[in-house]
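Written out below as structure tokens is the structure these notes cover.
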Amino acid sequence: MTAPTYLDGNFAPVATELTATDLEVTGAVPPGLAGRYIRTGPNPFAAQADTYHWFVGDGMVHGVDLHGGQARWYRNRWVRSPEASAHLEESPVPHEDGGWYPGSGNTNVFAHAGRILAVTEGSLPYELTGDLDTVATRNFGGPLPGGINAHPKFDPNTGEMHVMSYGFDNPAMRYHVIDPSGDLASTVDIDLPAPVMLHDMGLTATRVVLFDLPVLFDLELALQGVSLPFRWRPDNGARVGLLPRGGTASDVLWIDVEPCFVYHPLNAFDAGDRVIIDLVVHDHAFAEGREPLSERPRLERWTIDPKARKVLTETIDDRGTEFPRGDERLTGRRHRYGYTIGLPSVGALGALGDDPRTAVRKHDLVGGTTVEVDLGPGRIASEMVFVPDDGSAGEDDGWLMGYVYDAARGASDLVIIDAHDFGRPVATVHLPVRVPQGFHGNWIPDSALA
Ligand SMILES: [Fe+2]
């Protein structure tokens, strides 16, 4: 099939904001869950098919509130960027200083220091209320000239938020630590030979994993007005860096890898001197046709050996995968399990093509096994997040939760499956509308907002 325009099928935006309280549920919502699942994604107001790119659509958050075994509401709300406020004929929300641009909040939504934050890389996050209304942008006290990336790592032991940002001249990369009360505590500026796109990072108990991979900002494309002016440039080489936590830019040890692109690590941890990081690897990105995803991204384990200055790469699953998640109580610590979405093609994400289908996979990285649940024809998963059972000790003792588009119904479900007894459906909350294919989200328990 041809590449999607990102405006067809379930990539298409929805036209209205809705609050629905009478939600039909198949199964039983786990009674201990008290909070809301929120996921963000692009939902453009007025996209032109010949110029639109999925990564740049106006951000819309979709949330389901779960309390006492009940699905109390579904809401979808545009994040009130200046453009969104103008489209909706509302006064703009307050903006603090920082970021390259106002951003749209379309890439990730998470909680830190009692606040719910929705962010697009390069911009400041937008604070949301528990009912998904936009309050203001936040700069953590600043300065954050490049905003933040959309994939912070939360150290479960310290309560810190670690996050990268990047820019188009030096310092091309910045590493920030936000303290547990939500104030910017430190920044390390890192110069690079060329300005690269940087999506995510790795964090262990002692080190930060940096990616200098060959998707380069392209001035020629920028001057043509291309909305994402990046180009695959394997001639620039590819490196991973290890930065000791608390270190400076001169402490970064760079090690060459084969040219590839990484959007999303699953987790990283120390193994003696070495760092092990599990991640989804694309052969390329923004190459021919400037398609951001390669044909069959694979789950790999990289063992980074700073003494030998080598990276050992091992394939865990080569069947086409993205959206890796795990138990974030183990961020930076050795994990056993990881969860991914089986992704046969980009078009399948939008339920395009003859037999679009997706699977949810559980990888046992100690046992070396993978099990998967095929969601069935025309049922298209988004990212599935791991939600631990309250007070549980086991790494896989909890649920996976995420939106699944059902093409037959023309609407989406919030699907909750058992992560331990893997694949057992616990509850399916039937939403009255589609949730367009989007990016990342999180379960935000009431305790995160206390
Ligand atoms: Fe991402």
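If you go along the chain as it appears here, the first residue is 1 and each next one adds 1.
From the backbone N, Cα and C atoms, a Cβ is placed for every residue, glycine too.
Here is what TrEMBL says about this protein:
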- His151, His199, His264, His440: Fe cation binding site (BINDING)
In the same chain, outside His151, His199, His264, His440, whose C-beta lies within 8 angstroms of the Cβ mean position for the Fe cation site?
Thr107, Asn108, Asn149, Ala150, Asp200, Tyr263, Phe439
Around His151 (Fe cation binding site), how many other CB atoms lie within 10 A of its CB?
20
Tell me, how many other CB atoms lie within 10 A of the CB of His440 (Fe cation binding site), whichever protein chain they belong to?
23
